[in-house]
Amino acid sequence: MDIPPLAGKIAALSLSALPVSYALNHVSALSHPLWVALMSALILGLLFVAVYSLSHGEISYDPLYAVFAVFAFTSVVDLIIALQEDGYVVGFMDFYTKEGEPYLRTAHGVFICYWDGTVHYLLYLAMAGAICRRKRYRNFGLYWLGSFAMSILVFLTGNILGKYSSEIRPAFFLTIPYLLVPCWAGVRVFSQPRAPTCCTANTVQEEQRKGLLQRPADLALVTYLILAGFFTLFRGLVVLDCPTDSCFVYIYQYEPYLRDPVAYPKVQMLMYMFYVLPFCGLAAYALTFPGCSWLPDWALVFAGAIGQAQFSHMGASMHLRTPFTYRVPEDTWGCFFVCNLLYALGPHLLAYRCLQWPAFFHQPPPSSPIALHKKQH
């Protein structure tokens with residue numbers, strides 16, 4: 001997979017978030033939630049106009065360029081928020097975390113800001129750079145789509161259901177485009193042609209003749225998917241208050257963060273159970289039987305989703321913003337870290353396997369009339 005060059009123009013524009021946020025933090029009128037929402041909407045609108053004026057050719061080629069440019073700006077803002085909440089910088093986004101979205105001050109909010117300000121930011125620059133040079137970025141887009149969708153779905157649902165539901169301010173409604181844009185972007189990314197592969201018909205036939213036992217890497221991945229599926233189901237039952245002793249021991253001794261009233265961990269585990277669990281079963285099937293051409297794309301989507309989710313979940317489970325009684329106990333920290341790290345690593349290994357050796361997932365080539373004639377005689 002080729003890594004496209006980063007978009008320097010977008011990077012320079014996104015860094016304007018630093019002086020803008022610092023200046024707005026010192027405007028006394030922004031102490032009211034409504035003014036915070038209106039000013040935020042105005043800045044995003046002006047940013048879109050600036051991007052459209054500076055990069056009309058790129059937007060005409062691919063409208064997602066404007067989306068990546070605006071989201072790169074918000075990624076820098078999110079990174080500033082995370083650094084400020086952890087005490088690394090001061091005087092930038094206090095007005096927004098107090099009067100705009102106070103739930104960003106939670107441990108979960110801090111870590112989704114870190115992820116958005118680093119991983120998403122680099123993806124935006126890479127995809128915008130690919131558009132500038134008319135190169136492919138489909139794989140990056142699929143990974144971003146899964147990551148972004150998981151982040152926003154868990155965060156918005158947790159805001160509505162958790163203890164911060166009474167703290168929803170007008171700025172909350174600015175997240176509506178964050179729900180609509182990924183749907184449109186996802187359709188455009190999936191509609192892009194796949195990168196050509198060098199797999200010949202003979203290579204595809206030879207690879208698809210092998211059984212699962214002849215492919216040890218795939219056998220290991222299937223084993224992982226089965227174990228991950230059981231782990232997913234177990235944690236889903238835990239947050240649903242399953243009365244068994246094993247669930248009681250786990251939630252109090254291994255992951256007490258699942259009891260946190262902010263609701264983000266509960267929503268996260270339910271997202272896993274309803275979406276990741278079926279994917280584990282389907283992916284195990286696709287690794288066993290050849291010709292499942294959908295797996296490489298969806299493996300990337302779920303790798304992004306689980307990577308973002310596990311980063312936020314693991315970080316929030318140990319962050320100082322999480323009350324002490326809900327943090328991971330010191331004596332079980334090693335078990336918690338290893339299990340959750342493997343849970344995050346497995347989908348990335350699956351996506352890597354699908355991208356590097358895709359022959360097993362190609363549709364079997366149709367038999368030629370000559371081959372059929374020889375087979376009949």
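Yeah, the Cβs are placed from backbone N, Cα and C, and that goes for glycine too.
The feature domain 'EXPERA' is assigned by TrEMBL to 61-186 (among others).
Marked as domain 'EXPERA' by TrEMBL: 217-351 (among others).
What TrEMBL records for 33-52 (among others) is transmembrane segment.
What TrEMBL records for 64-83 (among others) is transmembrane segment.
Annotated transmembrane segment per TrEMBL: 103-128 (among others), in sequence order.
Marked as transmembrane segment by TrEMBL: 140-162 (among others).
A Cβ distance under 8 Å defines the sequence-distant neighbours of the transmembrane segment (168-187), meaning residues of its chain 6+ beyond its ends; these are 33-34, 36-38, 40-41, 44, 64, 67, 96, 99-102, 141, 145, 148-149, 152, 156, 159-160. As annotated by TrEMBL, transmembrane segment applies to 168-187 (among others).
Under 8 Å from some Cβ of the transmembrane segment (219-240) lie the Cβ atoms of residues 212-213, 246-247, 250-251, 255, 258, 265-266, 269-270, 272-273, 276-277, 280-281, 283-284, 287-288, 339, 342-343, 346, 349-350, 353, all in the same chain and six or more residues away from its ends. What TrEMBL records for 219-240 (among others) is transmembrane segment.
TrEMBL lists 269-287 (among others) with the feature transmembrane segment.
Here the transmembrane segment (33-52) has Cβ contacts under 8 Å with residues 13, 20, 24, 27, 59, 65-66, 69-70, 73-74, 95-96, 99-100, 169-171, 173-174 of the same chain, all six or more residues outside its ends. In terms of DSSP secondary structure, the domain 'EXPERA' (61-186) contains 105 helix, 0 strand, 21 coil.
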